[in-house]
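According to Swiss-Prot, the feature domain 'PINc' maps to 2-112. Per Swiss-Prot, the feature Mg(2+) binding site maps to D5, D86.
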Amino acid sequence: MILVDTSVWIEHLRAADARLVELLGDDEAGCHPLVIEELALGSIKQRDVVLDLLANLYQFPVVTHDEVLRLVGRRRLWGRGLGAVDANLLGSVALVGGARLWTRDKRLKAACAESGVALAEEVS
């Protein structure tokens, strides 16, 4: 299962991403409540339809506040320009066996690599 980050969804909503379409068709794309919240704060066409579709994808688990703080401390994630949502996504992917994170955020990619969280490969 691949957790699709907000950065990928934003680009997909502007111009369809063929790889994401394929992952969706194969039920391999998952979402996270915080990604849905981030997208809900933006201007998106067919807002209700899109948010409903996202909510019906596989939902990655929400980690607790204490779990996020432990992750930040153990992996030394402070001072890297990551946000709270980024840390939550890292923790969430780490909880799901075999899961990967697909992001276009450079700082989040670097944190994944350093934390041992698998990244989904970009396909050009």
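A Cβ is built for glycine as well, from the same backbone N, Cα and C atoms used for every other residue.
Note that the coordinates shown come from a computational prediction; the quantities given were computed from them, not determined experimentally.
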Secondary-structure category, per DSSP, in which D5 (Mg(2+) binding site) falls: coil
Under 8 Å by Cβ from D86 (Mg(2+) binding site), counting only residues of that chain that are 6 or more apart: D105, R107, L108, A111
Neighbourhood of D5 (Mg(2+) binding site) by C-beta distance under 8 A, where only residues 6 or more apart in the same chain count: V35, L89, L101, W102, T103, R104, D105, L108
